[in-house]
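Here is what TrEMBL says about this protein:
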BINDING   304, 353, 418, 594  Fe cation binding site
COMPBIAS  15-40  compositional bias 'Polar residues'
REGION    1-40  region 'Disordered'
């Protein structure tokens, strides 16, 4: 069992300009540098060594620098980029609103001055969180006829899409990688020809900030810590009170998940409703709008809904960090009809990033990472690891109308940020869950001394005895961090032999992917190469015939070369782990989150 003893420092929020000096970022491994016009030219030139985002063992060397608004460079591939000056635009405000805006801006300036006195933790420092290829890029309209090396398999026709965080504006204070605005990257493949486009998902938050010309919505992870986090919330709701911003239409960034359901592509983050995107005939992307399933969905939806490959139903959760019920379960029929909410009894708001389904059940993790907003009063983070809480999994019938028959099975000291699959084994009265168990559990959110470790594990939940067991699937000698990936989606919820997971080494970069035999623990690795890093490996079956071999298909992944500063889409044959083809992309693709593939036949019926 993984140990949970570690030392986490309480994060403090400061301003990224607190010790800014130079106006040039040098990333060491990259030939590209970006120049900002410094707002504090009199500070002494100072070089420091910091760890890359989220406690990577790799080290970046670069001078400290101020960010200038907007953050995205005009030409991403130029050597020295001058960024446009900051501009604040005022919509049609009346005199009272203008006066309120001026007063609140002054209050924010005073808050920033106080924040300058404290250093930022790595988990909230923009110079760490969005350095190198974690940094944002501008939108790209469709570029056709991309260069292809090798041969794209004839069975691959459609669009590969991947979501990610891509901040439009300079972080005013702290910034976590998860806080960025949602951007979707799309590669369309049509009979061996390929095109590329990337577009922001135009959330309500994005549209309002774009109109104002500045960030005004609080960043949920990077800013909302301690007393300054409380102050930022008060400032935001004061602006809302005077009609300077509108939070009632949603505050989410839609930067994490993607799912194609009921002929709609949905972009999601767990803090809002999904957003409906449309793929144009040319391969471009456009935002249709915030989507509530024809007024059926009244609450947020997590970014990892599950589609049963046999029933075609979509299953989802919604959690609330402020008031009960803290968690709700619901499902949608293939035609988009929603079931009534099932309230899941939780005594405290738990972070619920993912869950799993089996043939008959939903598997709900109730783990030890909690939302405790009162911690901000004492200067801490609202996301905490509670050692006293016992982690468990709830097993609930997919068709449940209430939660009275839910079975809770304890699984001590288990925290899985993602669950890759689950299935039933009736002969032993067990539900088997496959997930990556992470320690320290909250290290993604709070700065910790202990290095992050993510162990692929098999967790067995006995529904008769209420007991559980957990074992690492890979031998200790071959242990690597495995985070982000999937199983064959045609077999989701059923017993699967293989998982395809990102090798998150050096954390949080992805140096390749692994094909893991879940029964034997055998690991076969595909490594991208020197200074090449990717993201989530997306497994695309050769066909939708469930009778074909489970591993008969291809891994699709964006790969970035930090030597040349160029990006490509790689297509790898999973049977022999050989590169079939690569598509050279016209611009850089940052490291991101989760993706999906929509075949050409499905696109014909797109809503």
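The backbone N, Cα and C atoms fix where each Cβ goes, glycine too.
TrEMBL annotations: computationally assigned, not manually curated.
Neighbour count (other Cβ atoms within 10 Å of the Cβ, all protein chains): 20 for residue 353 (Fe cation binding site). Other than the site residues 304, 353, 418, 594, same-chain residues with C-beta atoms no more than 8 angstroms from the centre of those residues' C-beta atoms, the Fe cation site, are 256, 257, 302, 303, 354, 417.
Residue 594 (Fe cation binding site): 23 other CB atoms within 10 A of its CB, across all protein chains.
All protein chains included, residue 418 (Fe cation binding site) registers 22 other Cβ atoms within 10 Å of its own Cβ. Annotation for residue 304 (Fe cation binding site): spatial neighbours 257, 353, 354, 355, 418, 594, criterion Cβ-Cβ under 8 Å with sequence separation of six or more.
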